[in-house]
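Novice: Structure incoming, see below.
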Amino acid sequence: MHGNRPSLKDITLILDEIPEIVDLHCDEQFDSSEEENNHQLTEPDVQAYGVVTTCCKCGRTVRLVVECGQADLRELEQLFLKTLTLVCPHCA
């Protein structure tokens, strides 16, 4: 199509070619142990949790965000219930 305006003689339609049909489904199967290994290799669900507590020296509010799994969050909670305390930047 060269020129100022396209004309019908410039357009060629090829109607006798049929597109090839391709199966997009994968028929590959994994061993069950291989699937379990892949599942175990994925990282545990990590989420951000906000922690709000008070400074052990002056009583100011201390806020922080931790990223961990639920099991680690429970351990952190147990530490706060025992002896772990936070100090604010002013008292540090």
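Just so you know, glycine gets a Cβ as well, placed from its N, Cα and C.
A quick note: this is a predicted structure, and the numbers were derived from the prediction, not measured.
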Novice: If Swiss-Prot is the reference, give me the range from 9-13, 19-23, 24-28 marked as motif 'LXCXE motif'.
Specialist: 24-28
Novice: For which of the residue intervals 46-54, 64-72, 73-81 does Swiss-Prot record motif 'Nuclear export signal'?
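Specialist: The range carrying the motif 'Nuclear export signal' annotation in Swiss-Prot is 73-81.
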Novice: Same-chain Cβ contacts of the zinc finger (55-91) under 8 Å, 6 or more residues past its ends?
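Specialist: Apart from its flanks, the zinc finger (55-91) reaches 44-49.
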